[in-house]
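Note sheet for the following structure.
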Amino acid sequence: MAQNMDATEVWNQTYQLLLDQPLDLTLREVACLNDIKVTNIFGTMLVLTVSSESTRSVVEKKLHSALTQTFSQVMGQAMTYVVQIDPQVLEQNAQNVNVPVPQPVPQNIAQVREPAPPVAAPRIVEPEIVPPNAALDVPQNTRDEVTHLNKSARFDNFVPGDSNQFAKSIAFATAERPGFEYNPLFIYGGSGLGKTHLLNAIGNQALLINPRLKVRYTNSEEFTNELVIALGNNASSRRAEMVEFNRRYRGVDILLVDDVQFIAGRDTTVEAFFNTFNELYEQGKQIVLASDVPPKNLKGLPDRLISRFSQGLPVSIDPPSHELRVAILRMKAKAQHIDIPMEVLNLIAEKVTDNVRVLEGALTRISAMASLSNQIITKNLAEQTLKDFANSTVEITPTNIITFVAKYYKLTFEDIVGSSRTKNVAQARQVAMYLSRELTSMSLVDIGSTFGGRDHSTVMHACRKISAEMQENPETYTAVTELTTQLKQGNGF
Ligand SMILES: Nc1ncnc2c1ncn2[C@@H]1O[C@H](COP(=O)(O)OP(=O)(O)OP(=O)(O)O)[C@@H](O)[C@H]1O
């Protein structure tokens, strides 16, 4: 553990370790590494400061995996980071181009940044299912401490349709007879289509049938981080840590691995995963994998692993039809006692076509608007509310959200991720957490890490609070809707 290290020391150690690794970096990427300063540490989140937008893009994309893993290794716990551009550089740029920088200067990054292509979020993957809006409590997040399963993601609240029926049936059969017909079961499909839900449903159903089974849900980022920590710096405890790591992953009857596409890139992780896979497989234990693409399209993984993945049954989940979108909306509305006419459900299903998570967000928005304006839900009200709710192709990162929220509330970037508990800072932070849940695919755990190492239950509380406030408080409603619109339009990214 190295939690008492100061920011400079953390960077010095990380930098040294990075240089010792065969990372195959270009000269440009090495130059970007040299430009990084760690300027703050909030719990498990580091604030990195760089001097240009282009460096920031490299640090957020190409170097993300190496940096996250090495920071985690140095700190002895899973770490995440956000990247800001040096406030002094921004101020200097603003003066050079004669653009007055509004106060507070340093953190209004979006106002003075050069336009740049949307940058990828530090990829923080999704280990559990939680609705984007905690008011939509189907399924809620109740992650089990041992299995890591979200107990609320079940087969009985997974609505079937043409696009997912086959995957659901196979998943159900797998839960009933783990380790037999479909091993490994490989579920693939686009974002927000229900892969994580099915993985959890398999684990929950199998345990219902046989409570003595050992089940473990994980995702590739969690697997990698735990491996990095087990390998750690400390040679004397490494052996015991690795025994414990292997017990956790190789001693199970059912291993459920989400977002397996992100396992690529690190030889040690791929090797550990390959060995875990083989051992479980040879013992006849069930392995279920989920990914955004079929096995043959996985990039950066060795052929031997891809051929193992293809040995069992790959099944796809496709985007839902209009009828299925309406059926899912009906179920969610019913679960929340939202009285909503059929024509409005049809309208939402027309507007949001390719992601069930976004579908849920639209329903919440409409219900909040109706409740705030004390109206019943009508087609007209829904049309008004969803005016700007177009499917967006802009990629929104946690950094974007923090930057925009800070600007909206006239606070600093570090206020949002820091530890201040003053009322307006806490409110802004909760809105930022809510937006992170709604507009990115980050899990509660990962949002908590990004916002200064907060617990996932703190994030869940924030999402619930903002969601409830939206129904009662026009200021909160306006803040959320305006920020969503700005972020989706990508203004100032
Ligand atoms: N058929 C369905 N019935 C009910 N709820 C669904 C269905 N499909 C998806 N959902 C809900 O939509 C949300 C997103 O689903 P989930 O997280 O499983 O998607 P995913 O495919 O794993 O996405 P990602 O690849 O982004 O992690 C969850 O709240 C989930 O419960």
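Even glycines carry a Cβ here, placed using N, Cα and C.
Confidence over the region 'Domain I, interacts with DnaA modulators' (1-115), given as mean pLDDT on the 0 to 100 scale, stands at 72. Taken from TrEMBL, the feature region 'Domain I, interacts with DnaA modulators' applies to 1-115.
As annotated by TrEMBL, domain 'AAA+ ATPase' applies to 181-318. Across the range of the domain 'AAA+ ATPase' (181-318), the DSSP-based residue counts are 75 helix, 26 strand, 37 coil.
Look at TrEMBL and you will find GLY192, GLY194, LYS195, THR196 tagged as ATP binding site.
Across the region 'Domain IV, binds dsDNA' (371-493), DSSP classifies residues as 82 helix, 0 strand, 41 coil. Summarising the annotation, TrEMBL assigns region 'Domain IV, binds dsDNA' to 371-493.
Residues or ranges marked as domain 'Chromosomal replication initiator DnaA C-terminal' by TrEMBL: 397-466.
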